[in-house]
Amino acid sequence: MNENFPEDFILMGFTKYPWLDVPLFFALLTSYMFTLLGNIAIILVSQLDSQLQSPMYFFLTSLSFLDLCFTTTTVPQMLFNLGGPNKNITYIGCMTQAYVFHWLGCTECVLLGTMALDRYVAVCKPLRYPVIMNHKLCWQLSSTAWLIGLANSLLQSTLTVQLPLCGNQELDHFFCELPGLIKMACVDTTVNELTLAVVATCLIMGPLSMILVSYSYIAQAVFRIPSADGRLKAFNTCSSHLLVVSLFYGPGIYIYMQPSGDSPQDLIKVLTLFYCVVTPMANPFIYTLRNKDVKGALRRLLRQAILSKRI
């Protein structure tokens, strides 16, 4: 076996708590099914319902597609390892997972910031909203988010892949993530850790600052709305996005924006599970339960499906 490039990695997960394998397997399987159903439903409704053709639902569709990819990158491999004694993942599979996971995670950071900008224009400049947030600009903003995520993943993951492992095969995590791979290296990783922390800070704090500034203006505009119904609708729409932002950014800030090794690894595993499994599952339900337009579109789609079967 080449010491720097082993054939397999052993994903340790919670192997020191073997009694967790079965309940965690079923919990992950259930959450994955809900993630698939919820996000596919959001995509279908946004595409098929003529009343949901605004920029907000364009970005919501992008987020749902991103969450589908994000959770599918990790959960099937986690289910495979939890469902039997084999905890291995191939070297190629591990590196591919690391590249794609980092790409999608960075993309979601930027996309959530873009969605806050969309809400700012919708609430603060409602008359010019269709003109400013035109279809071309929406595609450009969405594509930019994906390209920024890809560029950062190519940089960070390539730097990490080049680190010698000196025969280390045990990765103390559920899947292949850059901080865990960096810890496996047998050389000084200060440059890698510093690069990861600096870029993560920019990619987290940049969009987060845009979100906070956008919502400060949104709050001022909402309080100036004369009707109570108008204020409630604006609040429900924006609060859904803020809740999604909190669920995603909270664990990410804790994991990526502090010195390596300062936190218990088991806590990092739980937080990682939260933002790569729980958040993609919760997003469609947050937007659906707090949005009358989406609930109405779902009811119309279900009625059409039932009527078509009867005919």
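Using the three backbone atoms N, Cα and C, a Cβ is placed for every residue, glycine included.
Under the heading domain 'G-protein coupled receptors family 1 profile', TrEMBL lists 38-287.
Per TrEMBL, the feature transmembrane segment maps to 24-45 (among others).
Listed by sequence, the residues of this chain that lie at least six past the ends of the transmembrane segment (57-79) yet keep a Cβ under 8 A from its Cβ atoms are 11, 13, 25, 28-29, 31-32, 35-36, 38-40, 42-43, 46-47, 89, 93, 97, 100-101, 104-105, 107-108, 111-112, 114-115, 118, 135, 138, 141-142, 145, 174-175, 244, 276-277, 279-281, 283-284, 287. The transmembrane segment annotation in TrEMBL covers 57-79 (among others).
Residues annotated as transmembrane segment in TrEMBL: 99-117 (among others).
The transmembrane segment annotation in TrEMBL covers 137-155 (among others).
Using a Cβ-Cβ cut-off under 8 Å and counting only residues 6 or more beyond its ends in the same chain, the transmembrane segment (194-218) has close neighbours at 106, 109-110, 112-114, 116-117, 119-120, 123-124, 148, 152, 155-156, 159, 178-179, 182, 234, 238, 242, 245, 249, 252-253, 256-259. For 194-218 (among others), the entry in TrEMBL reads transmembrane segment.
Within the same chain, residues 63, 105, 108-109, 112, 115-116, 119, 123, 179, 196-197, 200-201, 204, 208, 211, 215, 218, 222, 263, 268, 271-272, 274-275, 278-279, 282-283, 286-287, 290-291 sit at least 6 positions outside the transmembrane segment (238-256) and bring their C-beta atoms closer than 8 Å to a C-beta of that stretch. The feature transmembrane segment is assigned by TrEMBL to 238-256 (among others).
Under the heading transmembrane segment, TrEMBL lists 268-289 (among others). Using a Cβ-Cβ cut-off under 8 Å and counting only residues 6 or more beyond its ends in the same chain, the transmembrane segment (268-289) has close neighbours at 13-14, 28, 31-32, 34-35, 38-39, 41-42, 60, 63-64, 67-68, 70-71, 74-75, 101, 105, 173-174, 177, 179, 240, 243-244, 247-248, 250-252, 254-255, 295, 298.
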Exercise for the section: Take the domain 'G-protein coupled receptors family 1 profile' (38-287) and average the pLDDT across it for me. Expected result: 84
